[in-house]
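*Asks:* Grabbed the feature section from TrEMBL, which reads as follows:
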| type | residues | note |
| --- | --- | --- |
| REGION | 1-48 | region 'Disordered' |
| COMPBIAS | 24-33 | compositional bias 'Basic and acidic residues' |
| DOMAIN | 126-257 | domain 'Nrap protein' |
| DOMAIN | 264-402 | domain 'Nrap protein' |
| DOMAIN | 408-567 | domain 'Nrap protein' |
| DOMAIN | 582-786 | domain 'Nrap protein' |
| DOMAIN | 788-943 | domain 'Nrap protein' |
| DOMAIN | 945-1077 | domain 'Nrap protein' |
Amino acid sequence: MDPAPAGKQLRGATGGPEVMEPTLEGKGKEGKKASSRKRTLAEPPVKGLLQPVKLSRAELYKEPTNEELNRLRETEILFHSSLLRLQVEELLKEVRLSEKKKDRIDAFLREVNQRVMRVPSVPETEEILQDKDGLNQRYFRKRALYLAHLAHHLAQDPLFGSVRFSYTNGCHLKPSLLLRPRGKDEHLVTVRLHPCPPPDFFRPCRLLPTKNNVRSAWYRGQSPAGDGSPEPPTPHYNTWVLQDTALESHLQLLSTMLGSAQGLKDGVALLKVWLRQRELDKGQGGLTGFVVSMLVVFLVSTRKIHTTMSGYQVLRSVLQFLATTDLTVNGISLCLSSDPSLPALADFHQAFSVVFLDSSGRLNLCADITASTYHQVQHEARLSMMLLDSKADDGFQLLLMTPKPMIRAFDHVLHLRPLSRLQAACHRLKLWPELQDNGGDYVSAALGPLTTLLEQGLGTRMHLLAHSRPPVPEWDISQDPPKHKDSGTLTLGLLLRPEGLTSILELGPEADQPEAAEFRQFWGSRSELRRFQDGAIREAVVWEAASMSQKRLIPHQVVTHLLALHADIPETCIHYVGGPLDALIQGLKETSSTGEEALAVAVRCYDDLSRLLWGLEGLPLTVSAVQGAHPVLRYTEVFPPTPVRPASSFYEPLRERSSLLPRPDKPCPAYVEPMPVVCHLEGSGQWPQDAEAVRRVRAAFQLRLAELLRQQHGLQCRATATHTDVLKDGFVFRVRVAYHREPQILREVQSPEGLNSLRDTPASLCLERDTRQLPLLTSVLHGLQQQHPAFSGVARLAKRWVRAQLLGEGFTDESLDLVAAALFLHPEPFTPPSSPQVGFLRFLFLVSTFDWKNNPLIVNLNNELTVEEQVEIRSSFLAARAQLPIMVIVTPQDRKNSVWTQDGPSAQILQQLVVLAAEALPVLEKQLMDPRGPGDIRTVFRPPLDIYDVLIFLSPRHIPRHRQAVDSPAASFCRGLRSEPGPSSLMPVLGYDPPQLYLTQLREAFGDLALFFYDQHGGEVIGVLWKPTSFQPQPFKASGTKGRMVMFQGGELVMVPNVEAILEDFAVLGEGLVQTVEARSERWTV
């Protein structure tokens, strides 16, 4: 009997992403002004925002009662904290059946029992079964016939709304009958009828794992050989018979051990939730709730769990046991008997991958669980124990409320289909005994050898291999049962090791070693003799991979080669999902690379320039530090820059300034963005103490810097009062001289009385951010990329998606980089991503489920924040919530102010991103898990344009980054770059992007009436949303008529937007750039 599915029960607890109210505004310019005013009236709390409980003085200092003291003592002993106790108790309320439902289920069970007993012509078991029915599937066939007879009669009974067949734990020899009540209780309960023989009907000695009960001649349809050759053992077949004989005794044992101990029952419920969230109980061969219940019984019998423990303690004890006990090596047993006739554990280890014996000592409860599945359980248990030991505030949420579907938990996934191909694999691998044992189930027979083969081949590239077999669907009693080939797809998940993933070499033994022949046999034609630098001649396999993205997909080459070589499974039957999203961050004509190599070239060029700056001679002050401050230098620029060599035909040269001017008759030239570099000079008493004087001294240093770089290194430079642009090897760096005390000088404010005080000003904060915080963040994230090579791809995919939704200008580069960094520094309950694909899926999940309103996102860079400091940060966040931005990201260097989200996003923009991420995630996961192929992977990157009031379509001729669009055009315009290599002495046009300049003009002219959205990476459309207050009539003012018209309303002159004129102005402002302006008139009215 099964209660309603756990997924349905949990849905109310997990819920969707919380909808944020737009009342909590981000702190833009208006927000800052409002927050600086003194509040004279008490403001109502923001809806949905957590508020501290207010107690009177008497309540606050009231002595605790004995009951409260006992509960506190109990919480301290049994739980980590009061919060965890409350969370666990709430979850148990959700999954526990109410008394009303129990009564309805009990009533239905009594009715079922009466109906079954009244079925006509049902003979006694002894009349049906015979002594040798354990042989050659006779028992299972009689069992199925008995069940069909019951089904035929029960289906005519009006009590049942549904009578269907299903396989028991996926075993096709053991169908069970599913009965559901008619009416409103149809989804409340499902009763499974399992026909069972009497407990002592079959002789146990015949069903040992070393015995054979399926004769080879019978199975193959041949006449007996008669040569006396030994029959192969059939341990799985024997186990399936034993399971039916022991079913009643197992239920009695569970009832005796768990029935009166509420803590044990709660622990089992929590364990079932834990398994369900990780999909470990899914499909055939999963770790079922029954097995984990028996494991609790075992731990009680060995006194590792006590009956007085709480559910949380039981959960923790079982996870600790699973994390530290390898049942594939050292099996366990509930049997206390010392009977010498019982088989030894070694006999079971020889027959099964995982061993856990019941109290009889003859039945392996884990017979259907593969070694891969158990190792996955162990892996998850270790991760869970680390999470519990960390005592994190969100530990409960991560442990029991966060789903871990395979596509989000594993770096790469592959689908094998059609399953009928595994028949050929069984023949090639000579798995006749396994097929005989599994009753012809070629999927189960081939699964173990295939996973062992792939584990050996992937070796150090892989941390864990898991498999998933979808549960066989139910079928109507009038239909034929599903065949093996109809049971869906076999899916394998690969959890990769970043340190071994990108090696192109499989190093074998030396040629004269006996292992060399085995190596050649395993790798086939891919193995070849090679001489290495140390003089050794070894067998080796070399994989074809030039770029980082190709190296990440070497497991694909390994898998397809080994399955074709050893299992006769061709590449056409393997759908490998490892890099379909790579196309979104591939540059122009770069189909084999995702840009890591181009980023590395730019970083090396920066390193060279840094050394030149350090070594400059002739500067009045020594350079004390050189720091990069651009996404390229932390490997997170979506499309990395390439060396620029301008073609003179596209420009008019300005010789007096050694500059170029775009020609109006040519398409817009390529977009070139200078990379900021901060050059710190040493402190000196000669520096002035006046802000304006410091600016003038810095301007002199900028000019001197350009002069020395030209003289000593022949670099093309252009100096201004604030920076020096340097052209080196086709890259442009914007070098900015910095003096460490300048922010302090800008903080000095003089009162009317002449007193000096220190106060943050917009200028000091901006300078502090640009010259200290941004270079430091760039340096730390550069280090993170060295530790986790997938960080670059994840951050770039995340930014590409946000900008493709036309929301990029609401989020700074740095804020999105930090969200991506959080996936690597705080991956719980996962491990850090080793592929951009899985990292991007987790980015969508984090954005859509994180409670941005009530929690700061803490990104613990370099692990500098202690647990205590993080608790303090959360407390201070709640106390100051109303003054903080809607999206708060905290780092060790920025613990209070959330520097990178101060200017955005607004609450509405963040809410839109949350909604879009929640919609995109299931669509993309479904595409990636589709065994027929993902289809159009760009679907989730295309923005929804139907939400906008006005669409402004732009001419591709004047979009410099047109080829970076999500749907890259088949052809575009030449952008004035020379294709031949060689140095260029011409400084290219910097930062020239007509759509961005047009957007700036639109916001300046109409920012009070509308919001404008655009994808900077080649977008051809600007989305316009009218502000809700735009169409409210305003009192007439002669100075405020811009974009408005005057009309009479209620006898008064009022102003309302002149929409037709505004739309005309949109086109006039963008003349030459704008193609059409499309008004969605049904979405707005004047």
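Using N, Cα and C of the backbone, Cβ positions are placed for all residues, glycine too.
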*Asks:* Under a Cβ pair cut-off of under 8 Å, which of the recorded stretches 126-257, 264-402, 408-567, 945-1077 contacts the domain 'Nrap protein' (582-786) most often?
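*Replies:* Stretch with maximum Cβ contacts: 945-1077.
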*Asks:* Tally of helix, strand and coil residues over the domain 'Nrap protein' (126-257) according to DSSP?
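*Replies:* Summed over the domain 'Nrap protein' (126-257), the classes give 55 helix, 24 strand, 53 coil.
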*Asks:* By DSSP, how many residues in the domain 'Nrap protein' (945-1077) are helix, how many strand, and how many coil?
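*Replies:* Within the domain 'Nrap protein' (945-1077) the tally stands at 36 helix, 34 strand, 63 coil.
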*Asks:* Go ahead and report the DSSP secondary structure tallies for the domain 'Nrap protein' (264-402): helix first, then strand, then coil.
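*Replies:* So the counts come to 74 helix, 5 strand, 60 coil.
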*Asks:* Kindly state the mean pLDDT of the domain 'Nrap protein' (945-1077) in the predicted structure.
*Replies:* 82
